[in-house]
């Protein structure tokens, strides 16, 4: 249940407990030490404030690391409002610290409006997303920091239904989440039938954090429905090859261990999907001594897995033998309820893809005779009529954020440095970008890495002019073509 801002507060907020701000500020201060890229950007731009007055909405996990990103954007002058992009991923200490701010108190907060707490319901989640997109005077954002595309979805669907002249009845939706989306949009439509058209017209663009959200953006572009320019942060090398691999390598195990407290060594683990996230997950499980099997549809990724020493099988072939299941495909219907009915007793089932549709949790809840036995928050046992049970992590949502605290600060510093650079780019080029999805240029990728090497005591070799001429690159880079695959 959220704590709402009291009457007379300097701004609106909805968080779990504002009195958690002291611990949150301590966590934030420690995280800053591990996030050199963001701290350099603060030092570089805080005097000139290139984002002064720019309204930025965030829909991204409200963690300690995100708190450092938020305070970087505000240091650059932005007017920020924030919601989480997952009902379980908020760290309530971080949310409180951001509301209170570095110089405020619970009685007189001096931070920014946050609408997020751990354990939101779906109606609360979509209301919070709307609040993060709406300023007190009714204006919308000029720019969005998105993770998974929910903020972009709300604007795009709102625009679509305003154009059609009506919002479909929520009862027509085939799942609970979309019913909540429609209910939120219907409420807005009844108040202002042109709201989302006004918001879209004022948008400079969006920067998208994750694979699933990027897929949504490219689909909108393909259909001619992209309402504003977008920057694909996910496919920056310094995001996908670090956050997705090494972040998941760290946080997957953290989530499984905190929830289950079982010995992973010696057990059989099935990683479903061998993209960048799957690669990190497979490394982490093997590092704990698990016997790792991969499922894949892509022959290239499958061969990569085999060359790393993993077996590649179909789930149907191994479902009865696996102890730990991890989905990380970014797709839907990966583990069906019929598959869960065949799993061994007390098999652990979790997801580290962005949305909760990789595991058929709806089908699980509706299975005839199923018993739900909560173990602890975000860790539930589901017992089938035959007596065997599975252990579900975070209700099929992101287990690393639902059961733990997500990726560590250092790797998120690279992702969020990219996000900050993308926000600067959107504002600098406002009005000059097409309605398409852009990627960050290679020289910025390399610059992001350079900002982080010093803290790891890395000493780069420097090309001579002769060497640079020989391979036809500048002495200071960039060193690889856009087609190069790291």
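Using N, Cα and C of the backbone, Cβ positions are placed for all residues, glycine too.
The model shown is predicted, which means the values in this text are computed figures rather than measured ones.
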Of the candidates 137, 147, 150, the one that Swiss-Prot places in the substrate site of 63, 209, 239, 243: 147
Residue among binding-site residues 63, 210, 212 with least C-beta crowding, 10 angstrom cut-off: 212
Those residues of the chain, 6+ apart, with a Cβ under 8 Å from that of residue 147 (substrate binding site): 59, 60, 61, 85, 208, 209, 210, 213, 354
Listed binding-site residues among 63, 239, 243 whose Cα sits within 10 Å of residue 352 (NAD(+) binding site): none
Residue 239 (substrate binding site) versus binding-site residues 275, 277, 296 - nearest by Cα: 277
Binding-site residues compared (209, 243, 296) - the one with the fewest other Cβ atoms within 10 Å: 296
